[in-house]
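According to TrEMBL, the features are:
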TRANSMEM  B:21-54  transmembrane segment
TRANSMEM  B:446-470  transmembrane segment
TRANSMEM  B:482-503  transmembrane segment
TRANSMEM  B:515-533  transmembrane segment
TRANSMEM  B:545-564  transmembrane segment
TRANSMEM  B:570-588  transmembrane segment
TRANSMEM  B:600-623  transmembrane segment
TRANSMEM  B:648-668  transmembrane segment
Amino acid sequence: MASDPMGSQLRRILSIFFSLSIILPLSSPSPTMHNNNWAVLVCTSRFWFNYRHMANTLSLYRTVKRLGIPDERIILMLADDMACNARNNYPAQVFNNENHQLNLYGDNVEVDYRGYEVTVENFLRVLTGRHEASVPRSKHLLSDEGSHILLYMTGHGGNEFLKFQDTEELQSHDLADAVKQMKEKNRFKELLIMVDTCQAATLFSQLQSPGVVTIGSSMKGENSYSHHLDPDVGVSVVDRFTFYTLAFFERLDMYSNASLNSLFTSYDPTLLMSTAYYRTDLYERPLNMVPVTNFFGSVMKTIPTDSAYPGFLVAHASEYAAISAETETARVVLEDEADHSKTYDQSEKGLQHTLDEWLKLLEGKLGVKDPEVLVAYGLGSMVLLLTISTWLSS
Amino acid sequence: MEVAEVEAEVEKKATATRSRLIVRLAALLVSYSTLVSVVCCLAGLIALLVLPLLAKNTYISENALLPGSANPVLSYQHVTQANNLILDIMNIADDKEAPDIEIPKLIAKYMEILGAETYHHKFSQPQNQFHPLYFFSTSPNSPPTLANLSYGTSTVGIIRAPRGDGKEAIVLVSPYNTQNAGGIDASASSIGLAFSVFSLLSRATWLAKDIIWVASDSRFGDHTSVSAWLNDYHNPNFIGDASSNRIFKRAGTMACGIVFKVVEKERREKYEDRDVVTMYAEASNGQMPNLDLLNVVHYLAVHRQGIRVRIGMFGGLVKSHLVRVLGEVMQQVGRFARSLNPDWRFEMPSSEYVEGTATLASSIYSQALGVPTGPHGAFRDYQVDAVTLELSPRFSLKNEHTRLAFLLKGGRLIEGTVRSVNNLLEKFHQSFFLYFLTAPNKFVSVGVYMIPFAFLVAPLPIIAASLFNLTSNRNPWRWLHTAKPLLITHTWSVVVTLLPFYISKISDLPSTHCMLTWAGGSLMALVILYIVFGSPYSKHVEWRLLKAVMIASVSIGLCLMSIINFATAQIGALFVVPMCLFALPIRVKTNNSLIRSMVMTCNLVMAVLGFPVTAVALMQGVIKGFGTVSILEFWDSMKFLWGWNSATYLYLVLVHLPCWLLFLHILFHPCR
């Protein structure tokens, strides 16, 4: 190929232009940008009279699925099968409300760990990702450094422990150790731990890893109570904390902008009969800036572009959720993240300058002259483009 | 070397002083034995009287039970069906020639309509015989001999749980009696009540345990039929009888037995503003069902169905002036204690105390007797928790409307109990097995009721040790001589225990003659034993040593009995411990004549009252009123005890009787 100094220079400019516009938006923020969501939902107690714990977990499962976390990214652990219990008045159905409007155990419930598989060992293996070779991939928590993980646990707890299956217990330092391992292995970016047990807050006392935000249904010395009893099924079907959590989410869809703070402050101690406690000292972002869908749904930040081709990028690449434009104004804008993208704006400004000038010139012509002149200019520029391209390709 | 030796010596001294402390403490107790025993006995008596104050409210301990969490679904439809059955039964009882054949057929027909597996169970009346070797194992495995005797027929229906594993079952028992013409209303209502629940359960989707309904023919008593059926249920007969085609179907192990019968109270009794259910729980030898079962029934009856719950109570004690005065005293003491410290809240209104005492006395007495208070006792022999519920309606059952309303209420109570037990995952185990009841919702647990007994028994070893020290003979084996009269006495008591077996072989003796034969035989046995082994008053036998040995043997006997049947030991201790402590020969010389005369009076009184025959009569007199008691009934009451294989009989003859005889030996000791 004949080398042409003029042509090669122009080609280089164009190639830089294209490559910059492709690479910059992805590479400019920190490498741990939130880009996927996982949920680990655990019900730790067996036996018929603990029906409500399974109903709690299944309700949360349904909620996170509705808000956009796909089944393959939900690890569901259920210690007992209430739906098939002989005492169940409604065979193969589980309800979390006495009105029986919603069967939680309908189609498409994928239970990953069931019955006696729900042990402390398996739970810690899921969190830390240290499975035996035979464990299928669908049972792994395949999160990475960009993952937001929701960890929901319910069962019977006490001071700094959570009982698993009547035989063993998960202690607060076990949990803290697992979370620390996860952090070191870059298995999450942010982790929300939500626990609905008695004295749930004590389970968080040993946590040290950054990026963890926790909420428990009750403080030390408090019990968490069930919400109501289903007189048909004959057991309590949902716990208070979970009931009000669900009530909060029932109003939301995946386009909603409610912040974590609004969830955390929505719990009324008189209704809960306990004090919901949340710990944020390990968490950097202010809670009122974090949409709940960052954890309970699959909503994450994306960089919107006007067109698929970066040559026609708009001047400001601000933050939007990957949603329709009508909610843009309502969406919480995250200031600190936006700073990263400003540097990218300036580096690109020089290249975009010439193109802008040309467009302005075109626009000016459009406003003043009659259409024939514009057509003439257009034809002229097309001829010009044609000659340049043929000259380049020769 | 030297240092080590010194150290070793010091150590030895140290251990010596350390061990000496315990010895010194024991010595201190022994030297003040009189004071200690008086204080302990008083404390024991007071603790016994205070028991109603220490009763706690019952609570449901097992999480899984969830009583009343499901709404009862028994409806008028079920009850009207049941009413048809009741009417049919009454018609048969009035018209047919042989209602005892027709009624089981009718019940089976109704069961089959519901889709239950049905069969008839035939049983005969057991021979009420004295089996000295069958104590503690209530079911002598005698093969059924139906050929020559009249027999009863129970009808049994089984509903299999639709999604259960078929390994557990709940048993409903409704006794009925066709022989008793007056009570056919109540009997038919019992059947109807059971049928209404059964028809509901046959359509229930929530069953995890099979349901067995035994409509038991109680012509030989409620207990006989249930016990015969349970015996066949648990002891399958593999040999023979293949030709007779006896069908016997089983479900799983029994989680619980609920026996219920409708009883129409006489109108003359005091007006009731509610339906009443009376719970009977005492099984053989003072065993009780798990308290949770009673709690569930009580909770459902009171808080769901608005039925009043009663348990056994001695009405005589409520009217007794002594108990009322005690109640007043307790109230004052409680008030005084609360004025001292507001946290001491054991103040109790005197009326409540009186009722609590009467109920507690009944509870202790029924346990001490060791005879089951109903058919539930047969279940307890197979370690199945069971309770008998006697439902008595507020209005007459003759009126159809009130009958339907009553059936609905009672049926819902039983439905709730069944559903609650159905929720269980394992046997009843959370709550108490050892308890006394002072009200349907108040109990005294084992940890509390053992205190009075411990106080009563504690002085016995101390007194024995001090008496042993006081003897003039210093030989450590000196008690061996006194072991001889002890051995003779106990051999004699064994002979007395076995005598009734041979007396009962002679048929057709009136009980007074049996009693006299028993007494005569025992006396003869005693004389023969003395002739063979020599007089108990040999010169080596000091009265103090004799008393020490007697106390030792009695305390062993009491402690053993407290393990077998605590209530018996508790009542027995009230009689035996004073006898042990006060025993003093008439001829002994003391300085203080006043004390001596007082002790002598006490001794003579106890010599009379401590005799088992009078002691039993006294107990029954206190409980039931003295008008009805006669000493000659002793044979009958003993026959009653061994008929039920009660260990109380063994206690009376093997522990109490030798104690009394030794007491007499001491009383008439020559004191050489």
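Note that Cβ sites are derived from N, Cα and C of the backbone, with glycine treated the same way.
Tallying C-beta pairs under 8 angstroms between the transmembrane segment (B:570-588) and each of B:21-54, B:545-564, B:600-623 places B:600-623 first.
Outside the transmembrane segment (B:482-503) by six or more residues, the chain places 130, 132, 509, 514, 517-518, 521-522, 525-526, 529-530, 533-534, 536, 538, 540-542, 545-546, 548-550, 553, 638-639, 642, 649-650, 653-654, 657-658, 661-662, 665 with a CB less than 8 A from a CB of the stretch. Same-chain neighbours of the transmembrane segment (B:600-623): 314, 316-317, 361-362, 365, 571, 575-576, 578-579, 582-584, 586, 629-631, 633-634, 637, 652-653, 656-657, 659-660, 663-664, 667, counting only residues six or more beyond its ends whose CB sits under 8 Å from a CB of the stretch. When Cβ-Cβ distances below 8 Å are used as the criterion, the transmembrane segment (B:545-564) is approached by residues 285, 453, 457, 460-461, 463-465, 467-468, 471, 473, 478-479, 481-483, 485-486, 490, 536, 570, 572-573, 576, 580, 583, 647, 651, 654-655, 658-659, 662-663, 665-666, 669 of the same chain, each at least six residues removed from its ends.
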